[in-house]
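Here is what TrEMBL says about this protein:
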type	residues	note
COMPBIAS	158-188	compositional bias 'Acidic residues'
DOMAIN	13-85	domain 'Ribosome maturation factor RimP N-terminal'
DOMAIN	89-150	domain 'Ribosome maturation factor RimP C-terminal'
REGION	150-188	region 'Disordered'
């Protein structure tokens, strides 16, 4: 491959490598950084991308770049990550992977709407907008943005005092007796 490989050539090289690891290549960015190239690869898959899969993709992409030498002898730095919450939802798979999340999107009539994705497929997205269901064809959706929620409806993720690891001197009703007797200073 030529010394200054194009983004398209790298997409052709790395797309099958990433797919071989069971992921989709969502984005590829090549940035000059002095004498080096910074290669950023963003991958995703249904159910999210666990850290071990990111490591597997990173190894496979590194091996492909080393074998093909798209930058000649110039060194490169490789970063492989999953997309963040700020990534725009532009493909049907993006919408499908975010079912249950709150999004903001501009629809074909120019209106900006905020709603929860209740379902999505290759043809349309169903949004719950203030309790009303609205089906919008994919072609009529602008880029959606996931809205950060600190407590999602229906979430059972609450913390009470018993869940916290607080070191206090007062025994709780559910503290186990360890069978040792302690004096005032906590000495056994």
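Numbering starts at 1 and runs along the chain as displayed.
Using N, Cα and C of the backbone, Cβ positions are placed for all residues, glycine too.
Per DSSP, the domain 'Ribosome maturation factor RimP N-terminal' (13-85) is made up of 26 helix, 25 strand, 22 coil. Secondary structure by DSSP for the domain 'Ribosome maturation factor RimP C-terminal' (89-150): 9 helix, 32 strand, 21 coil.
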